[in-house]
Ligand code: ATP
């Protein structure tokens, strides 16, 4: 075996173990063992592959080969007719299994190397070769690219064992979903390369500046922990955004923030992290996808800022060109279409409200308190521009003023206000949900007026009218402390017929035969999923419930929290990763503020 590469079979053994386990700890142990076995120069590739990708998300290198092309490649590699391949696919629904089954038969294809069996001493398939071929497939574009994709994949499959072929096919079709959290990978890296978990903090800090696990892993393995410590923010590479906690009581908010705060309008749009270096601009979404091509107008707005090199944050908001009024978030969905962005730009114009700056001309500003950052932001924002503005903000130090400002925000079409600490400690906390920013939306009263974003972790089969689709989905909140998803409700209402028809297909790639190790549930679902899909849910109220595991024992012994009468709002939160769903502590907070309002009323 070559010392600078890893047999792909080793990775495949690891995939199989991960798929079979229901223990979260075992996941980390398997990762540690894998990393220890992996030569340094393919460590990044192994990590990306493990996550079913080739590069970090924000670079936008997409695998997702269409199933049709994949089946053609399988046909070519196995020598089985396309018709038979398609038939088998109809039966199994998993192109990976099709590849595995057809490639375990003696091959009839001429010219290709072919898998003849272990005993023949066939050359081992190595990770680099798999990775490079997948990269070639991902990058092929333009004329002839379909043929390149099919031929490259067919040749790779010909060199693979049946089991390897199964995972290669799942990877190219975007169906390798192991559900390993980035934080678990950081834990495993710490143990594998420093011997203890204590280095995890350093790795996590580097990750908030540069969320590229492959890069961090190689830096650690090649240059050591000190080099990881000195990883800096780089223009063009998104940082993890700072997040807010939420409270429902203005008095409590002010108290938490030391008596006064900067209250800002909380705009209902799409969060954007804009980077600029000279004439080049990058736009990243809340979950760090590159969304530059959706907003050529925002790119131009960024070029009007008075600095050459910066990273700023703001909210992109759609508005009605006739009245100038702000429109709700949903209107931005028109910008997601691939073609005719120009037309969408005219029909659905947007403005940007800037609220933070984290980097300017070579200097990181994250350690500076908010008032200083805001001043710097103001100094580079053109005055009186209609398209790019500073967020509306006001320093407040009493409940009355805060409520007045809040009402103003609501009447202008905002969701509420963001209350931000202005103290010396008011740094930009990358990647953290903390008390330096507190969101204050329309109150939580008895009826739940605020929505929650929950993760689909399981489902129950539908009956009667719903036969063939799901009757209800098992939904969970995220608990960052234990890195697990804890159930809060079964949701069956709010779905349109179209939603219902699409659900099985939408969730198919995440289906697993048992509860995912990161899911904590007392209920036994009919079908389990890798936590991945986030849905927006509204309910009547948040109640105590012995059935659910969210906040179990934290408010009352033997009781968790549940959303009563939950309903899907129609909003799929594809812009959120499961780890960005509503957290257990947010639900506890919502429950408490609900009670407080009831007591006060
Ligand atoms: P979160 O981003 O906290 O996970 P979410 O995506 O469901 O939750 P909200 O709970 O509505 O969003 O509130 C947070 C979001 O509000 C921010 O991520 C940002 O997009 C948006 N926002 C609007 N105005 C501001 C502002 N002035 N300052 C900070 N964020 C703002």
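Cβ atoms are placed via backbone N, Cα and C, with glycine included.
Automatic, uncurated: that is what TrEMBL annotation is.
Owing to the predicted nature of the structure, the values given are computational and were not obtained by experimental measurement.
In three-state terms derived from DSSP, residue 266 (active site, N6-AMP-lysine intermediate) belongs to an extended strand segment. The Cβ neighbour count for residue 266 (active site, N6-AMP-lysine intermediate), using a 10 Å radius over every protein chain in view, is 23. If you look up TrEMBL, you'll see 266 marked as active site, N6-AMP-lysine intermediate.
Annotation comment: TrEMBL describes 264, 271, 286, 315, 355, 433, 439 as ATP binding site. Here residue 271 (ATP binding site) comes close to 241, 285, 286, 313, 314, 315, 316: these same-chain residues lie at least six apart in sequence, with C-beta atoms under 8 angstroms from its C-beta.
Taken from TrEMBL, the feature domain 'ATP-dependent DNA ligase family profile' applies to 343-479.
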Handout entry: residue 439 (ATP binding site) and residue 266 (active site, N6-AMP-lysine intermediate), Cα-Cα, nearest whole angstrom
Key = 8
Exercise for the section: Could you measure the widest C-alpha to C-alpha distance across 264, 271, 286, 315, 355, 433, 439, the residues recorded as binding ATP, and give it to a whole number of angstrom? Expected result: 19
Problem - Under 8 Å by Cβ from residue 355 (ATP binding site), counting only residues of that chain that are 6 or more apart - result: 264, 313, 314, 315, 377, 390, 391, 393, 418
Exercise for the section: For the domain 'ATP-dependent DNA ligase family profile' (343-479), jot down how many residues DSSP puts in helix, in strand and in coil. Expected result: 32 helix, 54 strand, 51 coil
Exercise for the section: Please work out the number of neighbouring Cβ atoms within 10 Å of the Cβ of residue 264 (ATP binding site), leaving out its own Cβ. Expected result: 24
